[in-house]
Amino acid sequence: MGSNVTPPGDGTLQYSLIMQHLVGDKRRPVELIPGGLGGIPTPIKPEEQKMMERVMESCGFKAALACVGGFVLGGAFGVFTAGIDTNVGFDPKDPLRTPTAKEVLRDMGQRGMSYAKNFAIVGAMFSCTECLVESYRGKSDWKNSVMSGCITGGAIGFRAGLKAGVLGCGGFAAFSAVIDYYLR
């Protein structure tokens, strides 16, 4: 009379075909590397995954990521400090005039953009320098961040002279050492 079996082309799920694909002979064999994780067999990584790992571990990618992160963090920090500052929007020529909301927002945006650019440059410089130092030394330890902090701080400080460059090197290296000590 009425058949409960549905034809294969009507779009309903056929659990027997799914089970055969997942468990049966249509299942793709997984090649294992015997010593992958301390003797535990692990599957071989496909070429796409290896390529993505190489890209994400490159110094250029790390510097770009630090640049974008520094820009966002610096912008937020700049807008926050402008919001706290009581002199935002005031005109020094006419100190008695109350600034409009448009003037205050313009000043907050300018300060946020200034902080964002500075944080982005410092973040990219430090990250790229640390990656290059780590690649050169072949080690990942606290000395990399101290050396890259000294190089970055010195490069920023040397724009103001030799003394500022030496102080920038020492200050940024010390700050990097403290941050690295607490994060590791």
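The backbone N, Cα and C atoms fix where each Cβ goes, and this holds for glycine too.
Non-local contacts of Cys131 (disulfide bond) by the CB criterion (under 8 A, 6+ apart in sequence, same chain) comprise Cys59, Lys62, Ala63. Cys131 (disulfide bond) falls within a helical segment according to DSSP. The disulfide bond annotation in Swiss-Prot covers Cys59-Cys131 (among others).
As annotated by Swiss-Prot, disulfide bond applies to Cys150-Cys169 (among others). In sequence order, Cys169, Gly170, Phe172, Ala173 are the residues near Cys150 (disulfide bond), counting only same-chain partners six or more apart with C-beta under 8 A.
Residues or ranges marked as transmembrane segment in Swiss-Prot (evidence: sequence analysis): 64-84 (among others).
Taken from Swiss-Prot, the feature transmembrane segment covers 115-133 (among others).
According to Swiss-Prot, the feature transmembrane segment maps to 160-180 (among others). Distant neighbours of the transmembrane segment (160-180): 126, 142, 145-154; these residues of the same chain sit at least 6 beyond its ends, with a Cβ under 8 Å from one of its Cβ atoms.
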### Message
Going by a 10 angstroms cut-off between Cβ atoms, which of the disulfide-bonded residues Cys59, Cys169 has the sparsest surroundings?
### Response
Cys59
